Amino acid sequence: MLPLRAFARLAQRPRLSRPTQLARSSLPRPSPSRPAAHYLALAPAPSTRFLHSSPPVLKEKRWLNNTPPEDDGEDGQNPKQDDQVEKPLPDAESSKSAEERAKSQSSKPDIKASSSDSVSSSAPAPGSADGGSPPGAGGPKEVAKPVIPEIYPQVLAIPITHRPLFPGFYKAVTVRSPPVIKAIRELQAHGQPYVGAFLLKDSTVDSDVVTDINQVQPVGVFCQITSCFTSQEGEGKPEALTAVLFPHRRIKINELVKSSGTKGDGTVGVGGLVEGSQDSAKGEGEVKSFESEVPGVEEVREELGTVSIDSEQPDVHKENRDLETKEVTQIDFLHSLLPQVSLTNVSNLSIEPYEKDSQVIRAIMSELISVFKEIAQLQPMFREQVTSFAISNTSSQVFDEPDKLADLAAVVSTADVSDLQAVLSSTSIEDRLQRALVLLKKELINAQLQFKISRDVDTKIQKRQREYYLMEQLKGIKKELGMESDGKDKLVEGFKEKASKLAMPEGVRKVFDEELNKLVHLEPAASEFNVTRNYIDWLTQVPWGVHTPENYNISHAIKILDEDHYGLKDVKDRILEFMAIGKLRGSVEGKILCLVGPPGVGKTSIGKSIAKALGRQFFRFSVGGLTDVAEIKGHRRTYIGAMPGKPIQALKKVATENPLILIDEVDKISKAYNGDPASALLEMLDPEQNKSFLDHYLDVPIDLSKVLFVCTANVLETIPGPLLDRMEVLEVSGYVSAEKMNIAERYLSPQAKVAAGLEDVNIELEPGAIEALIRYYCRESGVRNLKKHIDKIYRKAAFKIVTDLGESGLPEPATPPAENQVEAQYPDIKPASELTYNVIPGTEVSGVDTKTDVTTVPREPMKVPAGIHVKVTQENLKDYVGPPLYHKDRLYTHSPPAGVSTGLGYLGNGSGAVMPVEINSMPGKGNLQLTGKLGEVIRESAQIAMSWVKSNAYLLGITKSEAEATLNDRDVHLHMPEGGIGKEGPSAGTAILTAFVSLFTKTRVDPDIAMTGEISLLGQVLPVGGLKEKILAAHRAGIKKLIVPAGCKPDIDENVPESVKGGIEFVFVEDVRQVLHEAFRGTEVEKRWQETLPMEEEPQRERH
């Protein structure tokens, strides 16, 4: 039993006090039990109550100075006065921080109390609710600072989210549940400000009550409520309570207390006495002797397990065997609030034994401290946290408290909740340190990255600040000099004025406003200023909603088209149809036309004529050899020198949204590593997509559906299929001789005359000369070469006029001296004679003549005398253009030898030609040799013809029996003259077959017969193309009969003019038998074939 005087001696033992340190909730703060304790007053009057950590019930009061109470009755007991009756602690007192009272007593020595004399820091001294001295006391009363109970079997559970709490670090939590708020206030009022904080497993749950033990993590912390205050989160919302918690140690949740638990009659809190209804009913006389009924320390530890015993305290178990009390839980008074609050049975989380001198632990702690130092160098806030921890650490060596070091590492890290909970739940110091080291290493990486980002941002900001400072100085200087405006305001106003005249779509207007607002806030010296200015300039240059009125007058269009071009009936008819639809509807949508034809037939120039007839603006660009997609779709704004694509440039140039855009040479687009421009044209030339064409530079949709696109190409084979499918193809065939004559007389000759300066000179170019040019110099299907020769004729004529008349006959016009003109117009310019040049010694300056005259006056044209007359005829034509290029139209004009036939070919320049086929044989091994720069297809045609002849050798009369072998001992050589010209295509099949039969039957073919057509292996004749050019070549060569496939008859009737077909007999065949009968008509072999190789029916004939 510990006598009463022992407590007095303990109260008199001095203890050094430590100053209270107040820190933020994120920094480590000292335990509320650490501030300097109050003196335990030994005044004669006040009574001291010794309480158990497990809710003890007061049995008897004893005065420490052994002074008996005054005798106020017969039984010697002093009845309790009204002002001396102890009441529960008010809420206001509980919210006051114990630190205020600790500060007032910080200079006084602390008293180290045992577990049996622990008093609550939130409770007042006995006899007064505000902690003052009771009436009649001789001096101020001081209360000893309590020791936090080591065992607290039952606590109020508070669920928390986001992060778990760690011992030694404050945390503020907000409670919104009214029952829980009431429970917290009850805890403070009863002097038991202790709760358990457990982390919710589901962070999305927002609850103040634990209904299931599996909702929270099994390991939490035992916390002391240091202060509380209420707050209103919003109008109409319930009041919330914010409580500041200080965790002391780790605890483990065992079970939830059910609502059927026993409710206590009263609870005595640490630091004060709260008497229940039963205790109030008892008189002071019923209280037994204090020393005889206080239980021993070991009994309390065994039965209740809630008393914290200091190692320096005397063994009270031996001196206080007779101390007994009634067992009740500390928070028995909260059972009435079940199940609206969560009460849990908990136990302390035990730590596995470890050795402080373990090399592993010391190594990990050393690494932790090293990482702490590295982070502290990068983050000043982190440095403050570590400093505060070092100050609050009670141990002189950090190696003595590895658990606190691990907790600090977890608190300052921004790790995942599961990782933090793992540190909290770990019972092994080594494992806890390992986990904390991992978290701190991650924090170091984040700190390094944050430091790098911060340093980069600071560098940029400093640069911008310096630029801004200099710009402000520049503005001030300009203001002093009267140059306040830097032009940006005028620029912005100009953009606004342009935009007000355009009908921008809503989306484009929004982008314009955003970019203009950005431009206003940018400095002109900034690099982004020019980028934004150029972008806004392009936005305002696009003709949004601006279009030109179209002319749908059909007669006017016919007049313009005929004035500019001769022929081209198909193209002109299509344009007139387009205008007729527009006249009926009142408006037309954009179309995509593709003009395909040989070079020089006027595909590009017809585009200009179409635009002129429709009254539209014209823009042309070529895609021949184009490899960059950006030329069509534009460049990204991030590139230096970026600009929109060709369609947007066209709209800017023509300043209207319905122009005619000519895309030249679409069959010559190339592919490269940076994309396929042909694929980029798909969006632009698709009527379903070009309503919202997206340029990479502007990055806003643009309507191209009103644009009339006209494309030109020489061949269709090289145009991608998807692109060709989006265009309406119009074939522009070559010109015949009559058409070339009209074009030369009406267009080419007058233009060449003006270009040569002979507009007023009497020069006559006779039609015979033009015809000779077409026949012997310019056989291509177009007129470009013809134009060159006519220009050459007029140049020669101009030179002849000047040389014949001489310099005296054409005197120079009177021109004032150049120097006088220059000096009069530009007085600041020095005369040429006064100009000086810096020349390096020992060198010469080429092209520098100090005496050279300069002038800005245009030269006057010379006047040719009226008597000059130049006449260009067929006879003197070679004096102007040289000897003829083509001497004769066909190689064999008379009866050719056996093995020769006449075919018709289509040349690469778009013209036709008469091509003889020559075959000869010699002793050999049955080989077939082909010469004449023949292509793969024409070689295959020769093989097919040879195979047909061998298979029908007996019927043709080449062999005497069907079993006789043919040509096994002879080689055959096939040649097509003009080997410099490449030849390709299947159309020479019938001519090659005829030449083979002529050679093997030793029968000649009439030279006035020409043929064309593809043959199959079984003798069928298939249609071919280029009939207009081939017939024109046959007409020019004087061919009398043409053998053509029957499938080509519609093409001949539609596209070949009558002037070309005149004098020619057309034979339309379907089988090679018909070809052979027609080519060898009237010969002996043909008569024999009527029996051995008869025709199924006579071929169709037409004579023109």
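Cβ atoms are placed via backbone N, Cα and C, with glycine included.
Following the DSSP three-state reduction, the secondary structure of Ser987 (active site) is coil. As annotated by Swiss-Prot, active site applies to Ser987 (among others).
Around Lys1030 (active site), taking its Cβ as the centre, 28 other Cβ atoms fall within 10 Å, counting all chains. Per Swiss-Prot, the feature active site maps to Lys1030 (among others).
The local packing around Val601 (ATP binding site), expressed as other Cβ atoms within 10 Å of its Cβ over all shown chains, amounts to 27. Swiss-Prot lists Gly597, Pro598, Pro599, Gly600, Val601, Gly602, Lys603, Thr604 with the feature ATP binding site, giving sequence analysis as the kind of evidence.
According to Swiss-Prot, the compositional bias 'Low complexity' annotation covers 22-46 (among others).
Swiss-Prot lists 80-103 (among others) with the feature compositional bias 'Basic and acidic residues'.
Look at Swiss-Prot and you will find 104-128 (among others) tagged as compositional bias 'Low complexity'.
Sequence annotations record features per position, and here Swiss-Prot assigns compositional bias 'Gly residues' to 129-139.
The compositional bias 'Basic and acidic residues' annotation in Swiss-Prot covers 281-291 (among others).
Positions annotated as region 'Disordered' by Swiss-Prot: 8-144 (among others).
Taken from Swiss-Prot, the feature region 'Disordered' covers 275-295 (among others).
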Original post:
How big is the gap, in Å, between the Cα of Gly600 (ATP binding site) and that of Lys1030 (active site), rounded to a whole number?
Top reply: 18
Original post:
Can you tell which of the recorded positions (Thr604, Ser987) has the fewest other C-beta atoms within 10 angstroms of its C-beta?
Top reply: Thr604
**OP:** For Gly602 (ATP binding site), write down the residues of its own chain that are at least 6 apart in sequence and whose Cβ falls under 8 Å from its Cβ; none is a fine answer.
**Re:** His565, Leu568, Val732, Gly782, Val783
Original post:
Where among the binding-site residues Gly597, Pro598, Pro599, Gly600 do you find the Cβ with the fewest other Cβ atoms within 10 Å?
Top reply: Pro599
**OP:** Provide the three-state secondary structure of Lys603 (ATP binding site) computed with DSSP.
**Re:** helix
